[in-house]
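What TrEMBL annotates here:
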- D264: active site (ACT_SITE)
- H312: active site (ACT_SITE)
- C425: active site, amidino-cysteine intermediate (ACT_SITE)
Amino acid sequence: MALSSTVNSWTEWAPLEFICVGTAEGMCYPDETPSYPWHTGPPNLCSYIRAISGPRPRRRIEQAQAQLDNLAELLRAESIVVASSVDEIFDEDVRQVLTRKRTSLEKSSQTNTNDKTIQKNKIDVCRPVSSSQEELCFNHQLATPHFKSQYQFGLACPRDILITLGAIKKCRHLFTQCDTVVEAPTSAHIRYFESEYYKPLLYSLWRCDPNMKWLQPPKPTCSSIKMFNDVDYWEKINTKDFNKSIFANSGYKTNLNENEIAFDAADIVRMGKDVFYKKSASANNQGLYWLRRTFPNLRFHMMHFPTDGSYHLDTSLIPLRPPTSGSHGLVLLNQNYPPLASEMKLFTDNDWRSIWAPLHSTGEVPPLALCTGNLNANILSLNDHCVVIEECETPMYRLLHDELGFDVITCPLRVLNEFGGGIHCGTSVT
């Protein structure tokens, strides 16, 4: 790929060429937010758990960071260039060395001229860095006219904050020109300034790619009065009851109202010209309206999951590969959070085969985890035939490798669950 089109991503399964891996450094137990409850745990302990905030134990940060570093090394094994920032990757002096390569067949150097070897894609990997080069920390007070936050989330999950979209044009039977990086208008005040830490990365892309566009929707206030129905909403109800019945019975209403635009990037899944958007605790209708107006050449589809009003879509709807002349497309569904059958008709009508993901190997998570253990479907596609999954998820391995014929790379990332995500959450693709 030419460097003039560095930012270009329109599906979840296209050959991976550039990726940002998150970091656990400096992370804290964040303040609570009226958008959705961060901490999971037994209902009788919720009031205590939600009161806990502050720096995380150094030992747990080191363990999570070691797993993220291992993920970066794993990607390097797939012909990856790893750098501490994008500036190193696109430096003029090394630009020729780091020119990306398409997968291709080349003659082997052996005597037998019929032997060929497969040349893999290059995948560039970067890590978020502080523009001031100071140590990352998220235990300093932030304040706006509408809220204060003493402990913020951190940078473990870049996929939640940044996503690449853009105008769709057809060129040589491929969709191209998806060249717009969108900073998500998150409703969580503990993530209000999170995208600032990715500015060195974004400015490097901006300087290198003359086609890149960079947008941020109107920044929400995150005001507990303006954006939410009840500041104490999550203290009054059990999240299990909310997901089981309250969410669907209320007409898919959450504590987030419709006064402002709000969504996370992980509430969106891209499948070419069709983009899917989950109605959830972090994404309202106004967010969908903004996306439709801003990208009129894309078709945005609202998805509802009656038993899951929590945030983000990338554990519930995972497209693996598109339909071809010889086979169906494959889309993975989370059997704990089935979507509306009427909304899946779009897939079946267009030759997509829905597959239920197996149940997770274990649902056990620490009591202060920022997500549930139901992240076995939170996988990273390197292309339409190779995926990375959590190494303990043997049922998922059997499904993807033994039954569906994918190349499956396993990676230990279980500790990252308590920091807020899985393998897909911990990376962001451009």
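One is the number of the first residue shown, and numbering goes on along the chain from there.
Cβ from N, Cα, C; glycine included.
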All-chain count of other Cβ atoms within 10 Å of H312 (active site): 27
Around the Cβ of the residue listed as 'active site, amidino-cysteine intermediate', the count of other Cβ atoms that are within 10 Å: 26
Which same-chain residues, if any, lie at least 6 apart from D264 (active site) yet have Cβ under 8 Å of it: D160, I161, A184, T186, S282, A283, Y311, H312
